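Listed in TrEMBL for this protein:
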DOMAIN    99-159  domain 'Spo11/DNA topoisomerase VI subunit A N-terminal'
ACT_SITE  127  active site, O-(5'-phospho-DNA)-tyrosine intermediate
DOMAIN    215-378  domain 'Topoisomerase 6 subunit A/Spo11 TOPRIM'
REPEAT    471-512  repeat 'WD'
REPEAT    512-555  repeat 'WD'
REPEAT    665-699  repeat 'WD'
REGION    758-781  region 'Disordered'
């Protein structure tokens, strides 16, 4: 192992030598004044050409030509100072005049950003003149061309790229604007609770990096990254950091890996599929790419080592042939091309592995290892870091102490595996609903209704502890609760066919609604011209009540029994039996707006409305008993693209040998600040999702019983969830058997913190401050 670290140090020393040499003077660190001067020089040359009645021309090195690229084992692929081919953008040519004008447009925007010391994303630049640019790809290409033309790193242009990568593990740092980011909670290795964090949009501005990590693991695919995260990889395998670019890495993910290498001086491994595309992705991290070769000194990490999945692992581990994938012509072409790359000469062990793959004409995904064992990646394995070809599945010990498993062992309490704060004095029976107090009410108060026929109120103190405050009863199970907008009243819906209003100041209740069947949902509506309570019932009606009158102010017929509903003024959504789905508008007076064909094929279980950037309701998330959620916009620009469904709350089985268990989605709640959503299910897990990025952020450990309800508090820094029996195992269980629930603690309190973004909406031309990364993490008690 010591020889391997000597090699890493040699690569680092050689890179520093190259950095200080003439080779990379073209992308050396420069000041904002230097950037402004170079832009002014380009404009001056254009003006000079015009005064001479000559057509202006923009000239820069060709970023897509291998002829311009040089290779060095300590640096990777870089653009040499004597590049042979150039690109020209002429103003007098019909095929390039539009490109010429667009380049000047972006150049002008860059000048303003640098001059005002503000930042914008490439996406922002595109939306400022979307019709002019046509596509986002045009802006992306022009920004890179300008960076190459001016011979400055892209970050010096004050143009940031939106990050698609995630990282996790023992790592904390500070963003340029002072935002503190922590990728895990806990103070000891055994307490590590790693979270998926978005890679910063301004990696170069990161400072105060702190970590106890022994190594960094690059993971090719998001699915593998999520699996490692869900299985507690970072806590089992000593302190470490894992990062994914979700396929071909974006620049920010590459910058982050480079930042970690420069700062922490620890080994970096790559875990990719045993196929040509996985190998190429690993090579991009290690040696760079042709298109970004002009900025190689800031992006390449020559010390990256191939951990797996190796082609030889397929044979050695006896991976079943039925999970292997035959080569395609595209695979063969890609692998043949890779074998001709200059850096393969310096990696004879890699070359040998690739030749095996070409000979066998088969490839394998990392997920194929689940055919050996469902948790193969996180059971007792060892890392072999001896030799040029690394193997995750070798027999020699890695970073573990002595001869123990590199993944260690972890025991968890299935009753409360997340070690969250438990609510004191929970109900004696299953909890059906939770709701936090509104912003108008000081402090945090949590309301919960249960099948014990009661509704309870707890105060959540600043230290996370809960204090029981009051309790009221129905004569049947309580199915739903909500607050009035001022926080003075709580409304409850029950199987006793009534809804009540609970005045918290006087601790008195009064019946405000009556249906002919159990009331499933209750919501408070605060409109400019009226206030009322909306109730949905199994009697197939939706009624609106003035709390001062015993009769409904309006009654609407539903196609079937009401199963779930949500209200965010001026919109209401009701989902009924037989997959009915109706949207109502609440302005002036409630009325049906639209009936929607359900995007889900099975019974609806829960629904939650989400808002846009202007804080207006724009769509909803719908959960079903089939472990699936639908994201549906009311008026999407592109329905086929914008509306989608995703699977959740399912086991990992994928074939007949290990069938997949599918669980109901019991509740959905949107974060009030970031718009991310939480889902809870009968599998005993909760998950956090980013619907815009279509990415899972985090999945909890599995509890010993289903999670039946969840909610965020009004500023989004507290996440509450209830764990209790939900009748998903057997319909014949008598819920009144006391021993089933007496030993359980059905409600627990979790905390989710998210950092805010300093960006405003970039629909105007005003330059904006830089983006901070957004994250989702849970804090322990």
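Here the Cβ of each residue, glycine as well, is placed from N, Cα and C on the backbone.
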Secondary structure content, the repeat 'WD' (665-699) (per DSSP, counts of residues): 0 helix, 21 strand, 14 coil
Assigned conformation of residue 127 (active site, O-(5'-phospho-DNA)-tyrosine intermediate) - DSSP reduced to three states: helix
Neighbour count (Cβ, 10 Å) for residue 127 (active site, O-(5'-phospho-DNA)-tyrosine intermediate): 16
Counts by DSSP class (helix H/G/I, strand E/B, coil) across the repeat 'WD' (512-555): 0 helix, 27 strand, 17 coil
